[in-house]
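*Asks:* Below: one structure in structure tokens.
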Number of protein chains: 10
Amino acid sequence: MDKLEMRHTLLAAKARKKMSWDDIGKAVNMSPVWVASACYGMNSASQEVAAKLCDTLGVESDVTDALVAFPTKAWDEAIPQDPFIYRLYEVVGVYGETLKDVVQEKFGDGIMSAIDFTMEVDKIEDPKGDRVLLTMNGKFLPYKSW
Amino acid sequence: MDKLEMRHTLLAAKARKKMSWDDIGKAVNMSPVWVASACYGMNSASQEVAAKLCDTLGVESDVTDALVAFPTKAWDEAIPQDPFIYRLYEVVGVYGETLKDVVQEKFGDGIMSAIDFTMEVDKIEDPKGDRVLLTMNGKFLPYKSW
Amino acid sequence: MDKLEMRHTLLAAKARKKMSWDDIGKAVNMSPVWVASACYGMNSASQEVAAKLCDTLGVESDVTDALVAFPTKAWDEAIPQDPFIYRLYEVVGVYGETLKDVVQEKFGDGIMSAIDFTMEVDKIEDPKGDRVLLTMNGKFLPYKSW
Amino acid sequence: MDKLEMRHTLLAAKARKKMSWDDIGKAVNMSPVWVASACYGMNSASQEVAAKLCDTLGVESDVTDALVAFPTKAWDEAIPQDPFIYRLYEVVGVYGETLKDVVQEKFGDGIMSAIDFTMEVDKIEDPKGDRVLLTMNGKFLPYKSW
Amino acid sequence: MDKLEMRHTLLAAKARKKMSWDDIGKAVNMSPVWVASACYGMNSASQEVAAKLCDTLGVESDVTDALVAFPTKAWDEAIPQDPFIYRLYEVVGVYGETLKDVVQEKFGDGIMSAIDFTMEVDKIEDPKGDRVLLTMNGKFLPYKSW
Amino acid sequence: MDKLEMRHTLLAAKARKKMSWDDIGKAVNMSPVWVASACYGMNSASQEVAAKLCDTLGVESDVTDALVAFPTKAWDEAIPQDPFIYRLYEVVGVYGETLKDVVQEKFGDGIMSAIDFTMEVDKIEDPKGDRVLLTMNGKFLPYKSW
Amino acid sequence: MDKLEMRHTLLAAKARKKMSWDDIGKAVNMSPVWVASACYGMNSASQEVAAKLCDTLGVESDVTDALVAFPTKAWDEAIPQDPFIYRLYEVVGVYGETLKDVVQEKFGDGIMSAIDFTMEVDKIEDPKGDRVLLTMNGKFLPYKSW
Amino acid sequence: MDKLEMRHTLLAAKARKKMSWDDIGKAVNMSPVWVASACYGMNSASQEVAAKLCDTLGVESDVTDALVAFPTKAWDEAIPQDPFIYRLYEVVGVYGETLKDVVQEKFGDGIMSAIDFTMEVDKIEDPKGDRVLLTMNGKFLPYKSW
Amino acid sequence: MDKLEMRHTLLAAKARKKMSWDDIGKAVNMSPVWVASACYGMNSASQEVAAKLCDTLGVESDVTDALVAFPTKAWDEAIPQDPFIYRLYEVVGVYGETLKDVVQEKFGDGIMSAIDFTMEVDKIEDPKGDRVLLTMNGKFLPYKSW
Amino acid sequence: MDKLEMRHTLLAAKARKKMSWDDIGKAVNMSPVWVASACYGMNSASQEVAAKLCDTLGVESDVTDALVAFPTKAWDEAIPQDPFIYRLYEVVGVYGETLKDVVQEKFGDGIMSAIDFTMEVDKIEDPKGDRVLLTMNGKFLPYKSW
């Protein structure tokens, strides 16, 4: 079973179980964003978490192996088209240089890791329209001189 | 004076004054990320904030007009090359679909606005290596049916 | 049933029923452009509208779920090739900067939303050749300072 | 004087005169969108309109020749980056196929001309947020068989 | 039956009948270039011509519907690779600007329509090597001012 | 003097002399399309024609050398943007495969040369709108087997 | 049978017969490079050569028709990736301008035809490492003035 | 002096001296193609050859250093546009796979080097039109297993 | 059996046998990186090594032929997306010019061969985080003058 | 002084001083590859190293500030063209997937850092042709689950 088939199996099971990512996250004791990314095939799970996840969603154990396998991460479009994802791309385009300057002023020459990295989504209710709160947390890696 | 010349003038003045983005943000009573984006020419400032900014950095008043002008936002590279900015692009590629699913499950069919949008940068000190905390806050816009 | 299969089912049913988009729009009490976009898989319908639509076109109820699902919007060609669609792209290329200036002069620094957005098509009969009237109506979103 | 220099001259004169596109449109008896497009170098003006325009904005008569010259229309980015213009591009991507179907159902096999074409911008005041009304009006051109 | 299947059916029938495009053009009373483009799926035929065409080539009547359907025109390669088609692309690249100037000098600011357009191919016999005569005939469309 | 400077010089002289491409073509006894292409720097002229051309337009003799030099042909945009030139590109996209089939049926496996090639532009007056007649004439080159 | 199926059939037959391109070239009295290109579907064969080729390789006669059919030449990658083919591409990039100058100095303004064109491959044994000798022979085509 | 300035200097000197590449090649005892490539900045010369070349063309000795410098080889267009160079690119596209097969059958798995590589141009006079003979000679490099 | 099917067969067999690349490398007496590249279809094996490899992994002998076949090397993405591979691409982008200068200073004008080339991977244990040691070893090829 | 001007200054000084990267590396007590990358503007130096470097090369102290500034890393070509750099790109294309598998088998799911990263170049003398030894050493970063 490859990551694509795994993803279809898991998303179908999730729909059948009528569980949200929050529900599943709680059940396997991981963050909902990470759980979703693992089900989408963009992260690998430990044997233990994979087993718990399959158990929670009631899928057969061969899905476990697919969850544990190391993914090859790829995306279809260099410039994303779906408006939800494009807006994130636009933020990187518009604010990329700004963020580099603000972060490097605070931390020195280096980058925010996208590997040693976590992310959360929250909902802020607001009578003028609810707001999405997206929190990214990445280790700062200074460039090495040698 | 166009946005590019304005940017050079403001960044040079900032270096001369040895002020950080935090310092300037406090002086003009705005967030450091927004202030940096305005100085980089990616956002327009109100007349009042622009005046305060020029005053703080000790630049001539013709810079004010450039700060107030509405920018045409653009970036050089469809796929960014600088490692700092590329990591943000990679996050969008790797987690874009995941975020769309997690957010739309919570909010319904729609997007997080990149216009009615704010962003903050914080430093979390950590003995295993400091961490960058990036917080994005955007209004949720539901798709309209008509 | 995914959006693609849904689309084939609905377009085939529409041909069988010999109904126009205007007819269908009236039957489900929505605008013909929106109805068409939902059938093409580019917008999600509410449970109620989806049910009415399936009823009107005489398709089975599993199509309802596909209509209600939140789409991932995508298009094949960064630069469209079909002459009908290319002409719209050309209008954006030729008049994009002009429209930005005219609208921002009237409304301030911001954008016309493509999410809180409606569109209509009308036919203006004219002895020298009928004319297409395309009306777009989008909420103005001012850029936030923070 | 080429179109680029003409554009800088005219936009500077407009700023100096503190006239809006509406004001200038009225003064030369043309639509504000068309006037803006001519000043941006994307349409040619008749000798008479060009002269009136230069007179209105108080620029020298050599600008007239540049306004009358036939432009080579071009835009910098196949996929626009500025959020205002990108939203229009997104509308073409998301709704292009839908519009083709709706229009061709009403008019037959053919296109909406982008040459025999006019466009207007209006502001609809709305307590929940003002709205941009964009009206495009193009001659329908049926494909020829031969 | 979609345009692709239609095309395979019609080209196979043409081979079976050993008819040239000239023969078919005569049989249906249309130009050979147009007939070929309709069979390739790049133009729609009237009900009457489609019926005559199917009759001439001895294919079943469901092909008629496919011929009558309005095509979505597309081509595989932004820059064509087959040497025959590339040479045409090269002509556009080498002579595009020249033709724009020569035509606009004769006709005013506008374009040659590719919609209200016909094309013929002729063979000029020549002892030094036969020559291809390609004749394009398109309506001139002047840009509208408004 | 390179081809670009030569082009500016010749187009300015042409404007000053108020001569059309037809006028210049007659004066140097060559076709107006070819003359225009040589002035645009897309073809080289013989010493004799170059001298006559400079004489006709009243430019200094160093332009002659630039006209005689062999050009490196190039164009800015793989997909042209100006609507006049784009329509020609669209014709190649829409009809390329059709023309290949029609021509190769008449001539055998090979191409129409874009080197041993001539082109003319004519105006057909028509009360319903004048028409552009574009005639291309290229030597047929059969593929060699060896 | 299309060119792709033909190619698989012919390459499989060649492997079965354990014949080299030299062997096959001799058997059908054509050059090995041309024979290979015809089997790869990049050139059409005459009826006679096609028949001899099918006979030599012991394949059924329907392959003959595919060999005789006029190919649409295409390649997958604008910039080739396989190191063997990339090196040829690199030679064109590094030496293209040089070759243009050297050839045009010798022959006048024009090109080397890729249609009226032959090519041979030879092996030069050398104790320091054998060498590939690639010989291209194309008709010079002078640009036409008209 | 960089390679670009060097190139302009050398080509101007060559024109002034009215020497052909053959003449210069003979004078410096190198092949005309290599000499041209060195003057175009695509190969470095030894100190001795560079000095002889400058002497032959009567240019100052600072050009010597530029000739000796190791070039960064680059070309403007991934897909060349000038018809002369495009035809070479087309040969690689059309015959690349064929050549790979023919050469690897003769030599084993490996490539023809584009570094340990020489090239010659010859003119074959022919009453039906002269022919260009292009000879490439590259060391065969077998892939290493380890 | 083509290279793709071969790859699936070999990777599945490797998983079944629970052998690492090091284990397999030892068993067939080749380097683990080379063995992996051959199993991925990016290098051809000698008859002898291929047989040993099939024997080691317990796959049928038709896989041997696929291993011996000369591959056409290709990769999906001009700019890789998986973070592991992208980091290597980034190293080439950031350090490419630097390496060219350092190597050419040491060796003269030329390149490091990617054909006569070997590569090893080692693990350096480190309490602050293990390190990957990647060693590339390529023959230096000097550019030829001729 | 920006990084580009700094680079020209430092490379000119290096040529004047006739020092190799090895010499400079020893003088400032850093690795030659890192020193070269800092002079090319691809890494920032500490205040101390920058001062020593300027001292060693005899350039003025304003170069120090440019060396200390944090660079924006960028490269001109998504696919490099110079043969030296292309070969490195080819290695990533041909062996990228292989290396990912070999490394992840040894280390787990993660990447080799290109930030916490060092690189060395060595020359291995060999009578059959000297060899380039390129050693990359990057920290392994495991993907985080959260």
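Placement of Cβ uses the backbone N, Cα and C atoms for every residue, glycine included.
Not my notes, these are from TrEMBL:
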type: DOMAIN; residues: H:74-146; note: domain 'Cyanate lyase C-terminal'
type: ACT_SITE; residues: H:R87; note: active site
type: ACT_SITE; residues: H:E90; note: active site
type: ACT_SITE; residues: H:S113; note: active site
*Asks:* When secondary structure is assigned with DSSP, how many helix, strand and coil residues does the domain 'Cyanate lyase C-terminal' (H:74-146) contain?
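*Replies:* Its residues fall into 25 helix, 27 strand, 21 coil.
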*Asks:* Who sits close to H:S113 (active site): which same-chain residues at least 6 apart have their Cβ under 8 Å from its Cβ?
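*Replies:* The answer is H:G138, H:K139, H:F140, H:L141.
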*Asks:* Taking only the residues in the domain 'Cyanate lyase C-terminal' (H:74-146), give me the average pLDDT of this model.
*Replies:* 98
*Asks:* Under 8 Å, Cβ to Cβ, against chain I: pull out the ones among the active-site residues H:R87, H:E90, H:S113 that qualify, in sequence order.
*Replies:* H:S113
*Asks:* When a 10 Å sphere is centred on the Cβ of H:R87 (active site), how many other Cβ atoms does it contain?
*Replies:* 23
*Asks:* Around the C-beta of H:E90 (active site), how many further C-beta atoms are within 10 angstroms, looking at every protein chain?
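*Replies:* I count 23 other Cβ atoms within 10 Å of it.
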